[in-house]
Amino acid sequence: MTRELAFLKDVNTVKKLVDDCLSSELSSSLRPHDAVSALGPMYDSHEKSYLPKMQACDRAISSLLDFCRDKKNEMNIFVHNYMQKIAYIQYTIKDVRYKFSVFQEALKRQNDQFEHLKVVRGIGPAYRACLAEIVRRKASMKIYMGKAGQLAEKLATERNAEVRRREEFLKVHNAYIPRDILASMGLYDSPNPCDVNVTPFDTNLLDIDLSDLDRYAPESLLGPSPKSEKHGASRTSLSTSNDGSQSAEVEGSVVDMHERYDFQDRLEGSELVEIAGTSKIEVENAKLKAELASKIALLCSMSVELDYESLDDSKLENILKNAAEKTSEALHLKDEYEKHLQSIIKVKQMQCESYEKRIQELEQRLSDQYLRGHKHSHDDDRAGSAVSTAKTDDGNKSEVSGVGEMHMPHAMEEISCASSSIKSGLPDHDKAQEGLDDNMTDSSTMLNPHLDSSMLDLHRDKGHLSDKDKKEIPLSDEGMALTASNMAVSMSQPADVLSYETAVEPGGDAKVSDGLVMELQNALAEKSSQLDNAEMKIQELMDKVSKLGMELEINQKLLDESQLNCAHLENCLHEARKEAQTHLCAADRRASEYSTLRVSAVKMHGLFERLRSCVLSAGVATFADSLRALAQSLGSSNENEDDSTAEFRECVRVLADKVSVLSRQRAELLDRYSKAEAANEQLSRELAEKKELVNTLYMKHQLEKQANKEKLSFGRLEVHEIAAFVLNSAGYYEAINRSCPYYYLSAESVALFTDHLPARPSYIVGRLCTLKDRQ
């Protein structure tokens, strides 16, 4: 920026001097030579300071230009090589695409040819699926008919309840309202019975069961192919692992079985209901048969659609691994459930033994008390007077020990039966132990408040086992009835008899004694009725105990079935391992094919490397010879070559021929170029000689013309325009101007510029002035 300002300043200064000279405003003492001399320092500064810097900048720019040119050439070479590589890769990709299209077409034709075989392969699974559907429909029909019968029984029960309620209503209000008025009101109508009728269906089904399925349609019908249909149940694990909606059937079935037969879940609410004419286990078996048949049909349909060829080795290995894990998990769950059932049975047995011991001890104690109380039976009169006195003090103590003594053995029998019933009837063994211990404690307390405290401690010790699980559980109807019966039979005790005997006064009234006897007889009748009710309820509890025993046997059978299922799962796992071995063999075959293809690819790569080394190492002259030698070497080793190698050898041979032709053409062109270059040099020399001759003649003519000029005296100065004076070959500064081509710079003017310079400049720039004579 500073340099540009200096140039502008100098240009403005020169313009000002020229304008002053032209306008003749300078003083008479200032001459043009003085003005030119004043520009000397400016010229020196330009020549010494600015000109070297400009030359250095020019050299730097030139070097930068050369560097950019070299880098551009390198970049062009790199881009050219890279484009060649891209073209080769594109050619390879295109070749692979063509091969892929050919393979796809071949696979399509193979699939078309094997389409009929797929249909034949699906006949066996379809037949097995049809038989499984028959089994499923028969099981579902049984469940359907059972539910219809249960609905009919439920409606009949509700109708009977409604009829009894209407009869009771009429019995109560018939004494106040006449019969005809009630009839006019429509109160004598009764509900009609409801007939649940199901029209028979599925009557044309074959008479086969689940056990006949493997006999009429064994798993061998699913196909002998080791790829997709060799196994039966192992295909279940594979298909369910491949399908997300059925990925956990094995695990889910075991968990569902564990949950279905859990004691707490059975009491809290189950989907299975008691159907008339069948039991829960039969309904459960029917439901399981239907579910198993549906799964078999589903697997048969999936076995046709599932193609193991579409799965690669890694996916197939993952599927087999998942199936093995789920099978092991199912076996583990089966073992855990078996241990759970065995622990429950042991706990129940221990409870029964402990309760039997306690009941025997209580019976022995009560029998001893009964014998001690029987000794005092001859003192009934005094006991009656004592009871009447006690009745006056407290109305709740109006019974004598005779009543309790008469029914004491029955009470103990009721307590024993009730204890067993409650123990077996409650769902959870912890809650059962808790509730039963409470009832036993209440019974023993009411029967004899003066019993040994060790009996109560025994109750508490047994109840302490379930303190962590205790909650506020209301007693069942059986427990409430048992408590009421215990309270009814345990009001009189031998200790009370002694207190009554001591309280008898000698002068008791006979009428009071008779009334007391009547009252005791009434109480005895009432207690007898209560004991009958208690016996009925105890009988019901015994029935429930037997029913629970049957259910326990059923659970044992189910446990055996689960063990059989586990054995079946183990067989499935064995078959899955066999299929995995088959897939491993297929993988080995594919690996051998891949190795063959890889050998072919390596061979082609070696051929291309030889061609590449031939192209890069050989020169232009020997390139054709090297290609020809490569083609001959490939032709000599063609014993075991394939089609691709033969094609490559043919391409190399053709390329060698074409390169030979191009080499000959290049040699001819080089010969022609050398001849043209020699002729061009000869013409250039002749042209230079002619040009030198012309210049010599021209200079001679100019010198002659200058010598013939006359000396002129100039009296007036005229300024015309700027001119450049160039040093010619004669040593004069000749003006280069459009209008005045033959002006020369005088010696005085040359001295003004050259006196302070070490050497004469090659050119001088100034204004052209003309001196004319005053004449």
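Glycine residues also receive a Cβ, built from the backbone N, Cα and C atoms like all the rest.
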Coiled coil according to TrEMBL, located in which of 145-201, 316-372, 430-486: 316-372
Tally of DSSP helical, extended and coil residues in the domain 'Autophagy protein ATG17-like' (48-177): 124 helix, 0 strand, 6 coil
Reported mean pLDDT - the coiled coil (316-372): 85
